[in-house]
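Participant: Before anything else, here's the structure in question.
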Amino acid sequence: INDINDNSPVFEKKFYSQNVSESEVVNTEVLRVRAVDADITPEFSTLTYSYSGAHVTISANSGGFMLIRPLNYNVVPKYNFIVTATDSDGKNDTTSVEIVVDIDKLNPFFSHSLYQAVVPENQDGDLSEIRPEPIKAQDGDTGINMTITYSITSVSPSDYQANFNIDADTGVLTVVTSFDREEMDSSEISVSIKAAQTDDPLKTADAVVSVTVEDVNDNAPVFDQSSYNAFLLKNSFTNTVTDVDQVGFSIIITVFLHFLISRFLNGGLVEIQGLVRKEGNRENVKLLSCSTDSCWKLEQIRAKIITTIRVSITDDDNKPEFSSSSYETSILVKDAEKGKLLLTLRATDKDIGNNSLITYRFKGDSPYLALDSETGEVTLTYDLADVTEDFTLVLTAEATDHGKPPLSATARVVVNIMNASLAFQSSSYNFSLKENQNSGAFVGQVQASAGSNLYNVSYELRTHKDLFSINSDGSIVSTKELDKEEQEWYILDVEAVTTWTPPTSAVAMVRIQVEDVNERPAFSSDDYEASV
């Protein structure tokens with residue numbers, strides 16, 4: 001079977017587009033198009049490419065566009081061509097080509113705005129493990145790709161500025177001076193870097209490298225005290241042992257009496273197994289801390305320190321108790337200022353040590369009140385000058401001890417916010433009473449108002465309680481017969497007290513005049529004797 005030229009060329013794409021920098025040099029291939037012919041005989045499948053244009057020429061055999069003249073964006077920003085692929089019999093296909101002249105107008109950019117790295121303390125050199133990928137910036141203009149230079153703009157904290165260097169050409173960040181983690185306030189350091197185009201230093205991009213300084217176990221452990229007083233809670237307790245390194249350390253027991261330290265956890269937590277004695281008993285336990293993983297053999301210990309723990313047997317089976325199951329107080333709006341102390345709650349715990357420490361809090365929202373977690377003081381968090389009606393706040397306070405597990409108790413807290421204040425209808429009263437009347441004679445009535453029907457008022461005499469009494473409605477009565485000839489005027493202080501918590505009071509003055517009664521004359525004696 002002989003092949004015949006029965007197929008036309010076909011371009012792989014019907015449209016080609018390419019951005020080309022106006023700074024591109026002459027004789028550079030900027031684009032290549034391609035068409036194929038299904039015929040298998042080279043005579044029929046060999047194609048010739050052609051087009052017409054001024055600034056580029058096309059290779060008749062390869063389809064590559066070659067720049068033959070310099071480009072100028074301001075003269076011609078874009079070129080459009082029709083390219084024809086033709087076989088030996090004249091069969092052809094066409095495609096559209098667009099060449100866009102690009103100018104250097106965009107800033108470079110980093111692949112990521114944030115990079116992360118970890119460096120062990122005491123180690124310098126290149127930061128090879130950069131996440132999410134190595135530091136890289138490139139020109140923002142497609143097809144131009146101007147050369148980029150890298151630099152460090154700042155380091156935070158600034159004390160570590162001299163510890164870093166960045167390769168201007170590759171962007172590789174290097175630690176030139178190693179770190180000592182124990183001398184650092186924080187393990188995090190932020191290195192701000194900049195990428196700039198070599199042809200225009202004003203075209204820049206910025207990124208941040210977050211460097212974490214990793215602690216190395218290069219310090220011996222140190223007990224923060226030469227001896228400890230601790231409390232043993234049901235076969236376990238926490239011993240405060242610290243190592244300035246941020247990694248773990250080991251502890252072994254060298255001398256013990258009635259307790260066996262069964263295992264050691266991170267952070268100095270020691271589990272003890274032994275005889276639980278009565279509360280208050282004590283034993284001494286000596287611990288030795290070492291900084292190697294194989295410190296069970298004492299001859300292999302590189303760094304060691306000894307401390308003594310005095311263990312006191314205690315328990316945590318008592319929960320806090322409030323001094324009262326309910327606390328109540330009242331305050332007038334005019335006195336309700338922010339920070340005003342209203343109440344002090346008090347709870348106690350019969351346990352000893354840390355188990356007896358108590359923290360206070362309100363359960364649920366408390367929009368107007370604050371409860372101090374340590375002192376139990378209840379204070380106002382807002383000024384209430386705009387309040388026009390009485391209202392009552394009812395909250396639940398919780399006291400929690402520091403045991404494991406923590407135990408708690410609750411108490412009711414009631415705060416009455418009131419607009420009105422207690423006052424007598426008159427600051428002074430004048431009454432009269434005829435002399436010689438029997439006990440219980442009505443003298444007069446005083447009246448005070450609390451300004452609210454929610455609260456009652458009671459009355460009490462502060463003077464002359466031996467001669468007068470006052471009823472719950474403010475009525476004053478005599479308790480003895482009075483004689484004007486003995487005393488004509490009595491001045492009483494009457495106190496009104498509300499049922500608010502705490503109660504408030506007001507005082508009024510009452511003048512009582514004893515009126516004379518026209519009594520028959522009386523001899524001073526029934527019998528008189530005389531001698532003449």
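The backbone N, Cα and C atoms fix where each Cβ goes, glycine too.
When I checked TrEMBL for this same protein, it listed these features:
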- 12-122: domain 'Cadherin' (DOMAIN)
- 111-223: domain 'Cadherin' (DOMAIN)
- 324-429: domain 'Cadherin' (DOMAIN)
- 425-523: domain 'Cadherin' (DOMAIN)
Participant: Using DSSP, what's the helix, strand and coil tally for the domain 'Cadherin' (12-122)?
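Facilitator: Final tally across the stretch: 4 helix, 52 strand, 55 coil.
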Participant: Return the average pLDDT for the domain 'Cadherin' (111-223) as a whole number.
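Facilitator: When the pLDDT values over the domain 'Cadherin' (111-223) are averaged, the result is 86.
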Participant: Tally the residues of the domain 'Cadherin' (425-523) by DSSP class, grouping H, G and I as helix, E and B as strand, and everything else as coil.
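Facilitator: Counts, helix then strand then coil: 0 helix, 46 strand, 53 coil.
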